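Participant: One structure, pasted below without further comment.
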Amino acid sequence: MFLLRHLTSACVFLASKCLPDSFVLVALLSFVVFVLVYCLTGQDASSVISSWGNGAWTLLGFSMQMALILVLGQALASAKLVQKLLKYLASLPKGYYTALWLVTFLSLIANWINWGFGLVISAIFAKEIAKNVKGVDYRLLIASAYSGFVIWHGGLSGSIPLSVATQNESLSKISAGVIEKAIPISQTIFSAYNLIIIGIILIGLPFLMAMIHPKKEEIVEIDSKLLKDEYKETELISHQQDKTIAHFLENSALLSYLLVFLGFGYLGVYFFKGGGISLNIVNTIFLFLGILLHKTPLAYVKAINHSARSVAGILLQFPFYAGIMGMMASHSVGGHSLAQMLSLAFTHIANEKTFALMTFLSAGIVNIFIPSGGGQWAI
């Protein structure tokens, strides 16, 4: 445990002191890729710049799907019923060990369901735990809340498995023509190897987070008075008291329930006809669940307004990811693109047994520079 605690401290220092904002990383990577493409593919500067600019807007549909996963998940997490459930669960742990275990476990489950939902649920739950449990390190509590995020891409909102499960023109575009036929989630999310990995993490990570709790003299606690509720019921209801038609419609639960009936009716028909899980279907489910739990149209609108603040990174960075993809896919007449060169390099050093490992390692390297699952995969 001594070595593990020191390793954790070193990682914290590296992340807090040496790692810039993700937008800075994507800007630096844009320049690096520009130089590499210019030097290695034989293209002139104007051609590379054109590829970058033309590629910037090729992932707009995919970007919208990613943004909605986050916004709809967070809006669902802010529902009053969900908040009550979190408060009840937070009253169960009596010591730091069970508190950390429960926060991590809940975070893993929530992030497996939807990463936008999981990020918010786990952060709120960690705050509720901090209010009720004394002697737990607040830094580790928050780290435990976000540790569940490691599971998300093997879950129901993973952008890669859901994208390849969707048969449309975007599939060929995002995969640069490599994938032409949809791959069902039975071969990805619900495959045996993925479920085994998920199971190991689900069992092991909560115990690991509880085991690295600092010594009593090193604990950092937080005053519970500073932990105000982020989502208050007063934020989710109309303050207008005039009995107008607009006020009635905005606060009509009946209107919301009719919408939910329509939405779940569509889902029923879709699955009855043999439709599979895709990004759009996951977003549809969370959209109508959110409307159902918030009860009135205005309440849901305000929840969406609150959640929409968190998608700035996606909206800003995905055009740059697409621009990088455009540069990497560009090539001179009769030449190879940078993406093709990288692929050929890995195929030369890999065989049928090590190819998957090489793919995994190359994706990890790219992910360091592109801290987005969907963006990293597109590149």
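A Cβ is built for glycine as well, from the same backbone N, Cα and C atoms used for every other residue.
Found this in TrEMBL, in case it helps:
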- 22-40: transmembrane segment (TRANSMEM)
- 52-76: transmembrane segment (TRANSMEM)
- 96-126: transmembrane segment (TRANSMEM)
- 138-155: transmembrane segment (TRANSMEM)
- 192-212: transmembrane segment (TRANSMEM)
- 253-271: transmembrane segment (TRANSMEM)
- 277-293: transmembrane segment (TRANSMEM)
- 314-334: transmembrane segment (TRANSMEM)
- 354-370: transmembrane segment (TRANSMEM)
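In terms of burial and nearby residues, how do these features look in this structure?
Facilitator: Within its own chain, the transmembrane segment (96-126) is flanked in space by residues 69-74, 76-78, 82-83, 86, 89-90, 133, 135-137, 140-142, 144-149, 151-152, 154-157, 198, 201-202, 205-207, 209-210, 213, 230-231, 282, 286, 307, which lie at least six positions past its ends and keep a Cβ under 8 Å from the stretch.
Through the fold, the transmembrane segment (253-271) approaches residues 281, 284-285, 287-288, 291-292, 294-297, 300 of its own chain, all at least 6 residues removed from its boundaries and within a Cβ separation under 8 Å.
Tertiary proximity for the transmembrane segment (277-293) is limited to same-chain residues at least six positions away from its ends with a CB under 8 Å from its CB atoms, namely 65, 68-69, 72-73, 75-76, 79-82, 114, 117, 156-157, 159, 162-163, 165-166, 185, 189, 256-257, 259-260, 263-264, 266-267, 270, 300, 303-304.
Counting only same-chain residues 6+ beyond the ends of the transmembrane segment (314-334), those with a CB under 8 A from a CB of the stretch are 22-23, 26-27, 29-30, 33-34, 37, 41-43, 47-48, 51-59, 62-63, 66-67, 70, 176, 340, 370, 372, 374-375, 378-379.
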Participant: Using a Cβ cut-off of under 8 Å, list the residues of the same chain at least 6 residues beyond the transmembrane segment (52-76) that approach it.
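Facilitator: That would be 30, 34, 82, 114-120, 157, 159, 163, 170, 173-174, 279-280, 282-283, 286-287, 289-290, 293-294, 300, 303-304, 306-308, 310-311, 314-315, 318-327, 329, 372, 374, 378.
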